[in-house]
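What follows is a single structure, written as structure tokens, with notes after it.
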Amino acid sequence: MLSRLFRMHGLFVASHPWEVIVGTVTLTICMMSMNMFTGNNKICGWNYECPKFEEDVLSSDIIILTITRCIAILYIYFQFQNLRQLGSKYILGIAGLFTIFSSFVFSTVVIHFLDKELTGLNEALPFFLLLIDLSRASTLAKFALSSNSQDEVRENIARGMAILGPTFTLDALVECLVIGVGTMSGVRQLEIMCCFGCMSVLANYFVFMTFFPACVSLVLELSRESREGRPIWQLSHFARVLEEEENKPNPVTQRVKMIMSLGLVLVHAHSRWIADPSPQNSTADTSKVSLGLDENVSKRIEPSVSLWQFYLSKMISMDIEQVITLSLALLLAVKYIFFEQTETESTLSLKNPITSPVVTQKKVPDNCCRREPMLVRNNQKCDSVEEETGINRERKVEVIKPLVAETDTPNRATFVVGNSSLLDTSSVLVTQEPEIELPREPRPNEECLQILGNAEKGAKFLSDAEIIQLVNAKHIPAYKLETLMETHERGVSIRRQLLSKKLSEPSSLQYLPYRDYNYSLVMGACCENVIGYMPIPVGVAGPLCLDEKEFQVPMATTEGCLVASTNRGCRAIGLGGGASSRVLADGMTRGPVVRLPRACDSAEVKAWLETSEGFAVIKEAFDSTSRFARLQKLHTSIAGRNLYIRFQSRSGDAMGMNMISKGTEKALSKLHEYFPEMQILAVSGNYCTDKKPAAINWIEGRGKSVVCEAVIPAKVVREVLKTTTEAMIEVNINKNLVGSAMAGSIGGYNAHAANIVTAIYIACGQDAAQNVGSSNCITLMEASGPTNEDLYISCTMPSIEIGTVGGGTNLLPQQACLQMLGVQGACKDNPGENARQLARIVCGTVMAGELSLMAALAAGHLVKSHMIHNRSKINLQDLQGACTKKTA
């Protein structure tokens, strides 16, 4: 119960950082203002003399106070020194903010407690610094730093608050009760010190629960820009260190603390209210007397300077003990900043070699090393490189010997996703990293697990062989390799090594690239158990003149003639004055299936859903799940006791399946409240219908419904398309209409719409499987113009399932293709416009492809063009493959 409350609190604070920070700062400033402008107007040393205070100053307490200050500074120094070992400047910065703001809040409370007397801060601040604990603050920061995105930052902060919040609350309560015992000692100086301690604990707790998590969230949001995709503050090795089980409190310790708290509460109650009910010895009065604030011993004087000058002079004036303290602080600061940074960076480097490599080029002998996948990491390498480094370490480009004979592999395919200028065919790129000596023989599993769980070491202190050993022993799940390694690429590399040993041909993966790819955008979003990426040729067709705009359309395909043919269609459309398009409907669908006790009950639910009241109830529940999802209509059908409900809703610039599914689930829960006997069988009952041929998509539409048209002049038909209008119309009727009807096609009244749709989908990061429904298209042609020699063509596509955010559109190469079309990401001015524009481009490009292919068929050029452009001229017998191998 408490964990849930703290989780909700942490999620709220992390989701609204500006509001929380402004609120806490405003509250603190208001408290400071109340201290300055209200309350007692007697200020010791300015308008009143405090003779007793002078006596206290001359006492031997100065030595003790100076020692206390020095110890406090050393304590803070060692805490920050420990934080530096974690290797993150963000933890240091956030911890510094925590310390500064906590000190500010504490100072405000102390000034209020001392009735505007600043002198008491000299005694109070050392006790505050001694009681401040940066370990919990840094732990919460590490929860946030283990995130891959801003949304995950908020979730991890909430999870951290759920784990740390109850423990910190109980610890703060126990500390206050224990330190508070000193306020009942009767010794005035001890009472004041204990009051300072209690205020220190409360100030720390207040800042930790409000300002600090909001500040962490805001700092990481402002610094979320990344190089090569990974957030610059993301530290993946924290993910395994901060498992919830390791941070959960010991239940025995918690029970002891609770029992202790109850006992201390009884002690305080007995001492304050039963044994001595009189308020004479209150701590506030005692502190005032001890600091010379008693009205009876104070004498009024005339101020010689203004109040702010008085405070400024007291801050500037320094005694010998303050000089000692300040000197120690400055010396430690200089040592920490200038002398320890180099030492720390030489022993620990947590920088991601993908995000910020320092690259040098080293010449190596020809044919000595190959840039290809490896089976054993760093055990086989060039002597020249080994002599240079003398160690085993991770490289930007790993150097190993080929897996097959060098004579069989004279050439190697090289693929780079990123800056290709860093590659040199005659050199090997080596990332300069701190030297980490790894043993040649794998160490025992127990020792490897200890290194893996050490926050200061981690996976980069283990060799690939040791990681594989841990995977085989089931200590590391194979699917978690990317999150546990210091880089995602190394996790992919190790998985390839594991897989290669299980394949009949160990060198099968040598032509499947995996290096220089931003896997941080893939993990948790696009693919699992990654072993590489598939480079697909991307061509461009265009310019496509559509709606008085020109588009260069990217197409990823391995089918020859496709891009060239589409490009010819684009040219014909452009010479004819361009094409026009309209979006007829926009609504993604999800069709769950529910069951009721009887068919008549299903009919009653269907009738209720068709009423305005029922639709309004369901729409309210559905729309509450997203700021983009807006339920448009419901389409219901009955099959016996089963009721199929087709939800149709807009989804902004997202394709929308996940968004609509979430709304559908909430709507079904609301429907269940009205019909408790209803049983939800599946959130998808194939009534959507997704990734399957279905007449309902062809008739009702799904996603974006688009129509596109163009008029091609007779001259362009003859000179560019090399045929006649009459011939194209004849082929279109008998092929696309009659032929498809004879085949019983559903939505397939076209020549090859799926070709263009799939090529654009792959290039632009769409779900390629959705070409099944998205390729529904009817192509119509007819004669037009004054002499009926011009060609009018139209393509109607009622179910284009497409989006510009989410899924594969987050990958950088796919984003580049979307940027070519000017539709990358979400449209801020008109949500959903980018996705609709992309759907119009798809329809227009399909029309261009239809135009060119139909012309080729009418002219009899299809086979001839494919023989020229779609046949490989390479002698396959010269290549080594699964079925055709050269004999020895």
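Glycine is no exception: its Cβ is also placed from the backbone N, Cα and C atoms.
Summarising the annotation, Swiss-Prot assigns transmembrane segment to 10-39, 57-78, 90-114, 124-149, 160-187, 192-220, 249-275, 315-339 and lists similarity to another entry as the type of evidence. The feature ubiquitin cross-link is assigned by Swiss-Prot to K89, K248, with experimental evidence given as support. Residues or ranges marked as CoA binding site in Swiss-Prot: S565, T566, N567, R568, G569, C570, R571, V720, L721, K722, S865, H866. Annotated active site, proton donor per Swiss-Prot: H866, in sequence order, evidence recorded as sequence analysis.
Structural mapping of features recorded in Swiss-Prot.
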residue: S565; record: CoA binding site; CB count, 10 Å: 27
residue: N567; record: CoA binding site; CB count, 10 Å: 21
residue: G569; record: CoA binding site; CB count, 10 Å: 29
residue: R571; record: CoA binding site; CB count, 10 Å: 21
residue: L721; record: CoA binding site; CB count, 10 Å: 25
Coarse DSSP state, helix versus strand versus coil, of L721 (CoA binding site): coil
